[in-house]
Structures are given as C-alpha cells and as structure tokens.
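Visitor: Mind looking over this structure? Questions follow.
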Amino acid sequence: CNRKGKTPRRLPPKKASNSQKDPVGVYCRVRPLGAEDEECCIEVISNTTIQLHAPDGLKANRNGEFKETQYSFKKVFGIKTTQGELFEDVAKPLVEDIIHCKNGLLFTYGVTGSGKTHTMTGSPGQGGLLPRSLDMIFNSIGPYQAKRYVFKPDDKNGMEVQNQVDALLDRQKRDSQTTVPKTPTTRRIDPEFADMISPEEACKADGVDEDSSYSVFVSYIEIYNNYIYDLLEETPIDPIKPKPPQSKILREDQNHNMYVAGCTEVEVKSTEEAFEVFWRGQKKRRIANTQLNRESSRSHSVFIIKLAQAPLDADGDNVLQDKNQVNVSQLCLVDLAGSERTSRTRAEGSRLREAGNINQSLMTLRTCIEVLRENQMCGTNKMVPYRDSKVTHLFKNYFDGEGKVRMVVCVNPKADDYEETLLVMRFAEMTQEVEVARPVDRPICGFAAGRRQRNQAFKEELTRRLEERGGPLDGESPTVLNQLLQSFPPLPPCEISGPNDDVTLPRLIEALEKRHKIRQMMIEEYNKTANMLKSVLQEQDSNLLSKENFIQEQRGKLGEKDKMLQNQKNEIDRLEKKSKMLEYKIDILQKTTNIYEEDKRSLQHELESREQRLQREMSEKRRMEARMQGIVTDSKLKWEKECERRVNAKQLEMQNKLWVKDEKLKQLKAIVTEGKTENRQPQRPSREKDKVPAKRSASPSPVPTGPPVRPLHRRSHSAGGERWVDHKPNTNVDLDTVLQPNLPNAIKVNAPSEKALSKCDKYVLTHQEVASDGEIQTKLIKGEVFKTRGGGQAVQFTDIETLKQENPVAASRKRRSSETGPDGEPKEGDWTDVETRCSVAVEMRAGSNLGPGYQHHGYPKRRKP
Ligand code: ADP
Ligand code: MG
C-alpha cells in the first residue's frame, strides 16, 4: 500500500488494462402490430433468430433481392415479452456492473415507432429499462447511501468527498430552497409516471460492498441536430419570450472519458426522486420541442446514472476523506433517434437540415461500428471517426476503453417499415461483431471488511450505555447528545424571585457543580474508553498496515507474474505464428521436394533406360567391331595374298619375258657363233629336226649335240651320267604315247623345287597344249641347271622337243600347212607359238607359290615381316 498516514493506497487509473474482450450484446425486440389485420413481415423463429418476409408489394417489384432474411442475435424478444423479462436479460447485468464499479452503455435503436421509448422509458404500469435500473440500484445500495452532499461532483467529471460540516451546510442550504421537495418524506408521485415499477418486481444486486458509501447522480441530456442540451439545467422559463437553450460541449477527463462540460448532475436518494428528475427533464424536452418546432423522434436522449462510491474510513463511521478512493461508474441509457432515412420523415423546409444532421449522427455511429469491426477483424488500425458526431464522441470510451455495451434493436413488424427494418438488421448484425474490452474488477481497498457493522454495533453499545444513565425524555429523539443531556440531574428553577433570593443561585450553583462533577466523571470515563479504543484501533491499524504491506507485496509479485505471463503469452503467440509460417513453408518445401523427387525418379528411369540402350548399342558396336575386324583381317590377308600373287605373277611375267628375250638373244648369239665354227648349225634347223623325231619317235637324248654354252657354269657330271629333274605338272594328261622320254635317275616333280634343282644339272618340263588343229601337243622343254651367284638355281633352257599326236585324217592337212613355208622352214608363227606356249607354261607355274621363273632366277624365298 502506497499509504500516507492512515490513507489507504491510491486506486489505479480506471483505464483498461484488460486484454479480454466481449462482443457488443445485441438484442432484438419485436413490438406487436398496431392493428391485427396489418401485414406482418417479421417472424420470430427461435429465441435468437428472426425471419424477415418481404411484403407482397416489394416481392413483386424486386425479385430475388431479399433472399438472406434470417437474422440472429444474442436474444430475440417476441411481442409477448414483458418489460420485466427484458430488464432481467438486458439491463440487470449492467446494473450489477455499475454497482461493482464498471461502466455500461445501453441504447435502443430502431425506426420511429418501433418501441425504443417504450423499451427504455415505458409507460405507467409498464416501466421500461430506465426506471427499473434506477430501482435496482437503490434497492441494492439503499442502506449504504452516503448523506447528501458528502460526494460532490467537481467540474472535471470527477467526484470529491466533502467533510461532514460542509455537507451539512450544503444540506441546510438545500433545505432552505423550498422549490425542491424533500424527497424521502414526500411520497406524492406524479400520476404521469406512477407505477413505473411495482414493489414485487424489485430486484437487488448481489455482493454490494457494505463498507462503502454510495451516492447516485443523474444527468439527462438531449442531442439534437448535433447539439447537446442539458435537460436538467435550472433556467427560469419565460413563457412570453422563451430563451433558446444553450448547447453544451464535450470534454475529455483525465481518464480519457468523454463528458458534457457543465452538465447538471443531480444527486438522488431514491428511485422516485430519480425518476422525478428524469420526468422533469422529459417535460422540459417536450416543451422545448414544441416551442422550437422540433420532432422528438429526431433527437437522441441520454440519461446518465452515475454511481459514486468510496470506502468508509477505518472507524466505519464516515466516508474516507480521500478523493482518490472515490470510484465513479456510470450507466448510460440512450434512446436514439429514429433510424429511418430522411425521405421517410416527411421533413420539409427548415426541418430538412435538422433531419439530415440527425441521420448524420446515426450514420457516423454506423461508420464507427464498421471501422471498429474492420480494425478488429483485419487487425488494421484505421481511425474511428468518433468525433464526427456528438453521440459517437460521447461514447468513444465505451468502444475504445472498456465497459459493457448493449443494444436493443427495436422492430415493428409492419410491412411499411420493411425496408428500413432491413437496414436496421444489417447494422445490428454488424454491431454484434464489434468487441469491447471487458472491464476489470475493482481493486480491493486497503481497509478490513466489516467496518460498517462494527461501527453500528459500537454506536448501539454506546447508546445502550448512555441509556442506562437515564432514559430519554418523551417526544425527544434518542440522539446521543440528547441522551447525554438527559443523564445529567435536572436543573432547579433558575428564576430569581427577588434581590434577596439567595436560594436559587446557590441551588443552581450546587446543581451545576454536580453536573460539572458528573461531566468530569464522564469525560474521564470517555477518555478511558477512548484511550482503550485508540490503543485497540492502533493495534488493529498496525495489524492492518502489516497486512496491507503484505498484500501490496503480493500484489507487486502478482503484477510481475502477470507481466511475465503476458510476455510469455506474447512470445507464445509470436512463436505460434512463426511455427505456422514455418509449417506452411515446410509444406511448400515438401511439395517442391515431392515434385523434384518425382522428377528425379523419372530422370533416373530415363537414365537407366538410356544406359541400357547404350549398353546394348555398345555391345552391338563391339560385336560389329569384332566382325569388322575379322572382315578387315580377312580382306587384308586376302588382299595381301592377292597383291603378293599379282606382284609375283607380274614379276614372273616380266622375268619370263626377259628370259625369253634373253633366250632369243642367246640363240641368236649361238647362231652367230655356229656360223663361225665347223659345226655351225642354226637353232632353227635343230628345231626343225626336233620336230621330225617327234613324229618318228622320241629322241633318246633330248640334249642337242655340241658343247654346253657355258661349260664353266655347268654342274659336274656324276659318274652315272646326267641327272634330270623331270617336271610334269599334275594337269598333264596321260596320252599313252609310245614314245616317252627315258630319263633314268631322274627326280620326278610336279612342281619345280629348289631342292630337286640343286641335286640335278638337267631340267625337262613336259608341257601339254592344244595345237591349232585341235590335237594335244606335248613339248619337252629342256634346259641346264646353273648355280646363280646369289645361291639359287637357274635353268637355262636349251632345247624344246615337240611330241605331237595326229589324227590320221587330219594329218595330211596339218603337215601340208606346216610345209607351206616358202623355203621349207617353219613359219615365224610356229616360232612365235612355241615362245608363247613356253611363256604360258611358265606363267602357269607363276600362279603357284613356287613358280619356275622365280626359282630359275634363284631369288631366295623371302617374306616381308
Ligand atoms: P419509438 O420510440 O421507437 O419511436 P415508441 O416507443 O414511442 O416508439 O412506440 C410507439 C408506440 O408503440 C407507443 O405507443 C408504444 O406504447 C407502442 N409500443 C411500442 N413497443 C411496444 C411493445 N413492445 N408492446 C406494446 N406496445 C408497444
Ligand atoms: Mg421514441
């Protein structure tokens, strides 16, 4: 407790620090139709929902526009709902709140004639929410009300506590003004508002703090054309020249609550008194409306019930003299102007502007609600245009700060109102979505509870004790002072009979002395009691102080914990948001991953198939390569062989040609040399001769006579004579001829081999060919074998024997043709023919690997690496 002396701690500012919010409570009341045969367009379908039916005329005109026709509210009150039932649900919680230091705002909204005033004010026998609220307040705080003027409103929407003396003086001043009737004693109630509430309907709030003192203040204002008028202001009414009422302005107090500056606040002590004040304002309103030609349905009326409460002091006797301990809560009861549009008001001329302004206020209210809703729902921070109208400006703190807000939407089910009612419903539905901070609980004051009761008990005890000293006189009220006075011995008659009266005075003196003695005694006793009480109180006070300190400490801790909790909550919120975001991100990433994985899988699949294909192609390629390699090697080998063969053939051919030429040359040479010698004989005639024995027989020695051409080179003859290589190719045909060359000791070969050649010195080739006459002709080509310088063997052909078989029929012809030469010599053709044959024979060998030409010239068999 931040306490100075015995003053309990300051109350914290009333500004909302509560994060809890409640939606604006919207209730719907359907009034009965004026006449039973009227068309009804509203149906209550449950205790929270109504259904709107478009009237027949409208339905026909605008098809399909009125589809959404159900509206839900916190509660719907049908035509049979009584004022008491409505109060029970709608206003009672607000009254409970005001008693527990929480503000409340209750307004009725609807089209003119929909029952707003009926709901708020009511009529005799059917009191509305306003008289019932007042009644409940007084029922609840009745016994705990402070004396009048103990609470005194300052001019800044605050409340001061006056000391007893000032309050008493104010009371005396009021009493002297006869205009104000003494409320508690007078029970004459204006018949206009009699029976607003019957005693059996009275209700009471629970949990009223009886250690507090209460006072109710009411004010009543009207907002017309966006001007505020004080309906309780005491102004002399001049019936001849009525003074136009002065408008008031709005101010903001230190708690940021809006208030009407300089507005009359009347302290009332009972329901009747309060309602009387209200009625006074109502009357004034009516008069002003008639005087100024205004339409009352166009104005908003605001009745404010302010409840001031302050704790009793430690003695429980008086209200604590501390302004900061005063708590003021208020309940605003607002009867709004008709919500209908200007066109419906039949406003003309000068009234049009006013009507427009009134609508403007309601329009601002609608806009404010819309913006509030948007801000709350979307988390935006749009400015709410409270200041655009007095009504909304006045209620700013209810929506911005804290306090319960409730609205009764009044509807008339008649068809004429249908379109307006639709607008009302839409506004009402929207209003339900606005949230208002929940008011926080009033902090507990620092004093011990039960002070009022203890004080009362003390007072009773004192009275009892004083009574013991002498009962009160008849007719006198048993006040403490009277009791004290009565406890003194009565004064003797103090009328002095004459100058010599010496009895009266001494008797008076004696009596006074006696009284003085008693007084002294009483003072002593009083002091003793007072001291005792003081010490008890001090003890209690110190107890209290320590308890307060403890409480304060705990409160501090609680505050810290609260703060920590709040921080943690914020952190949790933040983390939750973050986690949500991350979850969202994860989700997206998961999806992306899935897509990628899918991609990967398909790519892998493709890769695999491509690899397989590649493998296949590779193996195919390898196979092809191997095949190609094989083909290449084969063809290379073939071509190598072929090339070799061709080269060899060519070489052989060339050699043979060379050899033939050589041979010719040699023969020519021989001829030339033969002519010089005695045994000169041309080669040709020898040939000629050769032919002849072939016809006769095979010559026993095919070797021509005469010495060898080159004896030096000749192989030495063995003892057995010459050794022959008898070369008979396999192609030869056995002709079964009689004359066969007889070659003893010959080595028979079908292809000339070097080995054979090296062993012999003579060579004979048996060559068969078809002659020009078609007969097979066998030639024996003879030669001598020589060793070449390179180590090979060479054959020098020396002789050719021709063996010819002849068909006896064709023989003559053949012979004739051969003998047709001019000088008996064989024709050049023959010579050429042999030459060619020989060449061919040799060529035939050349086709084989070891052709004779090759051998003859003794080239060693050589292969390239
Ligand atoms: P508003 O204030 O909305 O213009 P009023 O409260 O003046 O409307 O109502 C117009 C008339 O309808 C009054 O005569 C009133 O008695 C009557 N009325 C309104 N609501 C009800 C109701 N719920 N039950 C009975 N009569 C009603
Ligand atoms: Mg009205």
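Backbone N, Cα and C define each Cβ position, glycine as well.
Quick paste from TrEMBL:
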type	residues	note
BINDING	Gly110, Val111, Thr112, Gly113, Ser114, Gly115, Lys116, Thr117	ATP binding site
COILED	523-627	coiled coil
COMPBIAS	1-13	compositional bias 'Basic residues'
COMPBIAS	675-693	compositional bias 'Basic and acidic residues'
COMPBIAS	701-710	compositional bias 'Pro residues'
COMPBIAS	824-836	compositional bias 'Basic and acidic residues'
DOMAIN	23-434	domain 'Kinesin motor'
REGION	1-21	region 'Disordered'
REGION	672-737	region 'Disordered'
REGION	806-865	region 'Disordered'
Visitor: Sort out the sequence-distant neighbours of Gly110 (ATP binding site) for me: same chain, 6+ apart, CB within less than 8 Å of its CB, listed by position.
Guide: Lys116, Leu336, Gly338, Ser339, Val409, Cys410, Val411, Asn412, Val424
Visitor: Taking the binding-site residues Val111, Ser114, Gly115, Thr117, which residues show a Cβ-atom distance to ligand 1 below 6 Å?
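Guide: Those binding-site residues that pass the cut-off, since their Cβ is under 6 Å from ligand 1, are Ser114, Gly115, Thr117.
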Visitor: Give me the long-range Cβ neighbours of Val111 (ATP binding site): same chain, 6+ apart, Cβ under 8 Å, in sequence order.
Guide: Gly338, Ser339, Glu340, Cys410, Val411, Asn412, Asp417, Glu420, Thr421, Val424
Visitor: Using the centroid of the Cβ atoms of Gly110, Val111, Thr112, Gly113, Ser114, Gly115, Lys116, Thr117 as reference, list every other same-chain residue with Cβ within 8 Å of it (recorded ATP site), in sequence order.
Guide: Arg31, Thr108, His118, Ser297, Gly338, Cys410, Asn412
Visitor: Among all chains shown, work out which of the binding-site residues Thr112, Ser114, Thr117 has the most CB atoms within 10 A of its CB.
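Guide: Ranked by Cβ atoms within 10 Å, first place goes to Ser114.
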Visitor: Which binding-site residues of Gly113, Ser114, Gly115 contact ligand 2 in the sense of C-beta under 6 Å?
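Guide: Checked binding-site residues vs ligand 2; nothing flagged, none.
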Visitor: Counting across all protein chains shown, how many other Cβ atoms sit within 10 Å of the Cβ of Gly113 (ATP binding site)?
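Guide: Other Cβ atoms within 10 Å of Gly113 (ATP binding site): 18.
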Visitor: On a count of neighbouring CB atoms within 10 A, which of the binding-site residues Gly115, Lys116 is highest?
Guide: Lys116
Visitor: Taking the coiled coil (523-627) alone, what is its mean pLDDT?
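Guide: PLDDT averaged over the stretch: 92.
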Visitor: What does DSSP call Thr117 (ATP binding site) in the simple three-state scheme?
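Guide: DSSP call for Thr117 (ATP binding site): helix.
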